[in-house]
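If you check Swiss-Prot, you get these features:
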MOD_RES   54  N6-acetyllysine
BINDING   121, 125, 126, 127, 355, 356, 357  (6S)-5,6,7,8-tetrahydrofolate binding site
SITE      228  site 'Plays an important role in substrate specificity'
MOD_RES   229  N6-(pyridoxal phosphate)lysine
MOD_RES   250  N6-acetyllysine
MOD_RES   285  N6-acetyllysine
MOD_RES   354  N6-acetyllysine
MOD_RES   375  N6-acetyllysine
């Protein structure tokens, strides 16, 4: 018999210890990985609920199982909130991840072998936008586009590639691009050749929801996002659209279920619903504005300290530090900062001479530190510490000194107060 007092700590000490150690790590490390964030206790409450027990294949009102009257309410709340938040008239909240959402869009709109324009991974794109190691690069004929010498998307080259290759789809979106994308221009290019414009806004969805970054929904045929990252919800995916046909929406739904998934994760969908409600609050807008301010503040310090930032700045939550001129690898920088309890990720930079496993850059993002309460002053101080470590990458005394400062500021700005 199941009893409510059952717990992991008493039953599985080995697992519980690892979970507790991760909790401590999150509190005592500064998180600067651009795709990571801290979700609210409300979201975690939803994910740890009895909704995890319920199978609900199908969609609200059209399920293959009985007993779905309450999970229908949960999913419909998530759908309605997603549509309201992003100005969409279609939303599918079932994708288990951003990659699953992207797979569903490709399945709905493309045939294997179709030509697709996607942002070059080395220029800031994402694995699922046509990388040869990913399903997207294996199933479709991918033509990459990239950034120009200033570090911004080269729309002239994009248009030229589009007219030359006549792709069935153009993919907008990125995983390591710090500029503002001109969604209207991309739609104009797509329309000129009769292609779909599909936008993956996973990285900037929270900024979009708060009006801090341009919304692609009015411009794209289809938009996907993750529900974590800047949106600060549970790990999962979401598909949105506006002004499309019922036929398109049926195709998208069918591509998710039964095309790519079986039963939806109702406990995660409940987490999405509450996160979407949180994203409608005034304080969420203030938070996203601060995310962007903190990123700019950090860039300022890196530039002052003689570090090169790809595209020279940032207009969102992330930026890339190019370490080629410093004769450092991203792998070395990642490891040294990690020893100071500062977590970043190594990242390729444009025309990177190193392999993707070594790289010549680091990606820095501000969603998590801002969630802790950091403002510009703390962001600048942190950037200075990072430069101290990178300037003396083999000096363990410097790294230890910075680690002490990190532990102090983490205690002053707890993740969960």
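We count from 1, first residue shown onward.
Any Cβ shown, glycine's included, is placed from N, Cα and C.
Features per Swiss-Prot, on structure.
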| residue | record | Cβ contacts under 8 Å, 6 or more apart |
| --- | --- | --- |
| 54 | N6-acetyllysine | 67, 68, 71, 266 |
| 125 | (6S)-5,6,7,8-tetrahydrofolate binding site | 118, 119, 131, 144, 171, 173, 174, 175, 177 |
| 126 | (6S)-5,6,7,8-tetrahydrofolate binding site | 119, 173, 174, 175, 200, 202 |
| 127 | (6S)-5,6,7,8-tetrahydrofolate binding site | 99, 121, 133, 134, 136, 175 |
| 228 | site 'Plays an important role in substrate specificity' | 35, 36, 37, 39, 234, 235, 236 |
| 229 | N6-(pyridoxal phosphate)lysine | 34, 35, 36, 37, 202, 203, 205, 206, 367 |
| 250 | N6-acetyllysine | none |
| 285 | N6-acetyllysine | 210, 211, 212 |
| 354 | N6-acetyllysine | 329, 330, 348, 360 |
| 357 | (6S)-5,6,7,8-tetrahydrofolate binding site | 331 |
Site of maximum Cβ density within 10 Å, from recorded positions 121, 355, 356, 375: 121
Rounded inter-Cα distance in Å - residue 355 ((6S)-5,6,7,8-tetrahydrofolate binding site), residue 375 (N6-acetyllysine): 35
Inter-residue Cα distance where the pair is residue 375 (N6-acetyllysine) and residue 356 ((6S)-5,6,7,8-tetrahydrofolate binding site), in Å: 32
